[in-house]
């Protein structure tokens, strides 16, 4: 531990500095009253283009991304690069879809995707399912942020769970006080640090490696040629291309269904802010692609992970290649990188609980101050839950949970994303589709094993088509297959429900609610129609 | 009363079709799943996918500029 003293000092100083900002954030763009969900949970719905850029970017590209994606390239090669097409595809899709969600939420004061579903299909049951899905999918995602911090701490020789518990206690305290303003303010620091570290890394590290970038790719090629695994290499092979593209597409569709991404979008001031961001956010994709290649640099530099924890590859590479003080900065970037998304995720999960469970079922007459209070407390509980996940579950299991999270959040697509465009589906059909998609997804993941590690179940997201009786070695992303089942059942269920004349719910939204913008003179008047 | 939105308040625009390009391109591995030609030591698989990021930026920027609301 003592040989890492410089790193530990720099890391701690930056970490504490940023935590201080988190507390001060309560006074930043100060509202008259922080005790409403609009203020605490959505930062006053008033963020402009820059803040939104940092907030959404800081929210989607997490500490875990920065350690796990390069680790995947390090171990499997080209397959890990799926993160790049995934983050290219997502923005044009969102450009049109979430814009409509922003407008309708602005008119009706929705805070969560489940609020929208409740009003659109007149179904508290469907909204409850969407809310539970969101909370369940988010919890392990927060736990992964802890794994990101853990990888950095381990590389500094800091072991044991106490440092992580302290870090999360600090995070919990300032999120409680400042709400969404805290991660929004911290995101500036986080992303600036990360950009500096990566720019230095992509110039400084190849310069120290024989043959530069060519040498890096040749070293990776040589490593994969020498392994017996059939799926690795610096290019895809015939059997994993379908997995690559379905994983990229499926992850893109899932990304903006996660409640925390929607929170980031709803906090923006107007439609133009969102549109501009969808063309500016790909700057992060560039960053992500470069970070991914750190995995190959680690191969070329002969870096080995600590024990069997591949997540330590990037921290170990930094430790090898940078002077101690800059390694400290890099570690701080990753550590702080965990705080921003973890804060937004816990706020999003808390809002789901407050709006769609507490207010809907437990205390229908809750006023705004009640809502804000319940959300603040729930956000604390969510973080405690995430810490317990790390303490009592094998970390490998948390990763499995996250994998399931991606597959299950996709099952909210018909109600949320398609619901923004059409009211054709019957609420009964959507509920049936959700149940079927969820069951199919978990069943598919259960049946994915990995012969190399000897794990029989939940060993990845690549479902072999062979198991469906097809004569092929190709694999496909389980989430896309499960979504297919969901959609088929939702369509069939809709026809059946209409045939049986099952009551339709009321639709509280109207066509032009999906087009409303900031300063719309009709918003005030429309506000009265809030359900 | 609110059922007839003004014409320019719609989301529809022919420019939106441009968004298809950055959605489809990255999902066509037969374009990029090759080693040659290399640029600055990067195999095609890597540099072409980086190039698709630029395509995404250009397309979304054009659509944003062309569909911006005149205030």
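Glycine is treated like the rest: Cβ placed from N, Cα and C.
Residue ranges A:244-267, A:508-531 are listed, and TrEMBL annotates A:244-267 among them as transmembrane segment. As annotated in TrEMBL, transmembrane segment covers the listed stretch A:188-209 rather than the other ranges in A:100-121, A:188-209. Contact between the transmembrane segment (A:279-299) and the transmembrane segment (A:188-209) holds: at least three of their C-beta pairs are under 8 Å, each pair 6 or more apart in sequence.
Residues 62-64, 66-68, 112-115, 117-118, 164, 167-168, 258-260, 311, 334-335, 337-339, 341-342, 345-346, 348-349, 352-353, 355-357, 360-361, 382-383, 385-387, 389-390, 395, 398-399, 401-402, 404-406, 408-409, 411-412, 415-416, 427, 430-431, 434, 438 of the same chain, all 6+ positions outside the transmembrane segment (A:126-149), place their C-beta atoms under 8 angstroms from a C-beta of that stretch. Same-chain neighbours of the transmembrane segment (A:399-421): 97, 100-101, 104, 113, 116-117, 120-121, 126, 130, 133-134, 136-141, 143-144, 147, 250-251, 253-254, 257-258, 389, 430, 433-434, 437-438, 441-442, 444-445, 458, 460-461, 478-480, 482-483, 486-487, 490, 514, counting only residues six or more beyond its ends whose CB sits under 8 Å from a CB of the stretch.
Between the transmembrane segment (A:6-26) and the transmembrane segment (A:155-176), the number of CB pairs under 8 angstroms, six or more residues apart, is three or more, so the stretches are in contact. Only pairs six or more apart in sequence are counted, and the transmembrane segment (A:374-393) with the transmembrane segment (A:428-448) gives fewer than three Cβ pairs under 8 Å, not enough to call it a contact. Listed as Cβ neighbours of the transmembrane segment (A:188-209) (distance under 8 Å, sequence separation of 6 or more from its ends, same chain) are residues 14, 17-18, 21, 54, 57-58, 66, 215-216, 219, 287, 290-291, 293-294, 297, 300-301, 317-318, 321-322, 326, 329-330, 332-334, 336-337, 339-340. For the transmembrane segment (A:73-99), the most Cβ-contacting stretch among A:155-176, A:244-267, A:329-353 is A:244-267 (pairs under 8 Å).
Tertiary neighbourhood of the transmembrane segment (A:244-267): same-chain residues 41-47, 52, 55-56, 59-60, 78-79, 82, 85-87, 89-90, 93-94, 97-98, 101-102, 105, 110-113, 134-135, 137-138, 141, 180, 184, 236, 274, 341, 344-345, 347-349, 351-352, 406, 409-410, 412-413, 416-417, 461-462, 476-477, 479-480, 483, selected by CB-CB distance under 8 Å and a gap of 6+ residues from either end.
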